[in-house]
Ligand SMILES: NC(=O)C1=CN([C@@H]2O[C@H](COP(=O)(O)OP(=O)(O)OC[C@H]3O[C@@H](n4cnc5c(N)ncnc54)[C@H](OP(=O)(O)O)[C@@H]3O)[C@@H](O)[C@H]2O)C=CC1
Ligand SMILES: Nc1nc(=O)c2c([nH]1)NC[C@@H]1CN(c3ccc(C(=O)N[C@@H](CCC(=O)O)C(=O)O)cc3)C=[N+]21
């Protein structure tokens, strides 16, 4: 058997077309959506993400400004930057690229972002809303991965799903979204025993660990869906290459559907961020229309 390879770029383009139309409509109303990205120190892990945000924002007609701060910036100074962006009516979304230097408390900063400008859906209020299945601004990566599953001819209700990795950014939100769809969810992490056995039982496996080759063909039920969220840069004799957390070649022999890296969850994540940007702008327009002169 050979898996169907899921085309994340095509899915991202479809989402983006709707986002572009909405961004144009908001711009006509005087509320052109605009995002600001904050990177601190050397952020190799986020460079590709920022590059694709810039590219997709340009394509969707969303303003995008990437700011880089030195690793020596203090948490207080960054808090001041965020307070300024919260108060600026021309800014509708703020993205804090992870990871941050160890000395900077990422949760406190995430909490400092105004919830209506929390386009990544990572504010404690947004994270809490996941439990209520209220996804006004849902977390982008998790939504992307789950939207990909929803596009497959599998009924998520009662589906056996194993999630490998339980980070705040990815694994935990994925598990909650899947529970919201009625799936039976098993979550594995660094302390889990028998990850392979849990994976092999599943109709769909989601993996977000950051370890190339973690999921192998022996860990999959034949015909299962494999949603590979990992994005890792590895050195090969032919130069640097981007790979996921699964051993793609062997897994594709056994899985029914598989997401490639690049071209799988990554582009859909960025499209979700753009979708959140227009949603956030609309919510701010509805809340503050009249409070500002225009909004711009
Ligand atoms: N496609 C996209 O848009 C995005 C992709 N990513 C990618 O996803 C991957 C994970 O990112 P992120 O969640 O931020 O990473 P983190 O490092 O924050 O989390 C990794 C998770 O994997 C768990 N883990 C570690 N080793 C194992 C193991 N052997 N078996 C099972 N679980 C294990 C950890 O468990 P514990 O906490 O117990 O140590 C932790 O929960 C990375 O490759 C990243 O680049 C990230 C964001 C967006
Ligand atoms: N606050 C925060 N949120 C994140 O979601 C977050 C983060 N910080 N830090 C870094 C990781 C990594 N990440 C990527 C998302 C998309 C691509 C992406 O678009 N990848 C393309 C790459 C295509 C190309 O090669 O140019 C693809 O997979 O096809 C890459 C990486 C988000 N992360």
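The backbone N, Cα and C atoms fix where each Cβ goes, glycine too.
Look at TrEMBL and you will find 165, 166, 167, 231 tagged as NADP(+) binding site. Residue environment of residue 165 (NADP(+) binding site) contains 24 other Cβ atoms, counted within 10 Å of its Cβ in all protein chains.
Residue counts for the domain 'Tetrahydrofolate dehydrogenase/cyclohydrolase catalytic' (6-120) by DSSP state, with H, G and I taken as helix and E and B as strand, are 61 helix, 18 strand, 36 coil. Per TrEMBL, domain 'Tetrahydrofolate dehydrogenase/cyclohydrolase catalytic' is recorded for 6-120.
Residues or ranges marked as domain 'Tetrahydrofolate dehydrogenase/cyclohydrolase NAD(P)-binding' by TrEMBL: 139-284.
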> So which binding-site residues out of 165, 166, 167, 231 are up against ligand 2, CB under 6 A?
Replying inline: 231
>> I'd like the number of other C-beta atoms within 10 A of the C-beta of residue 231 (NADP(+) binding site), please.
In response: 21
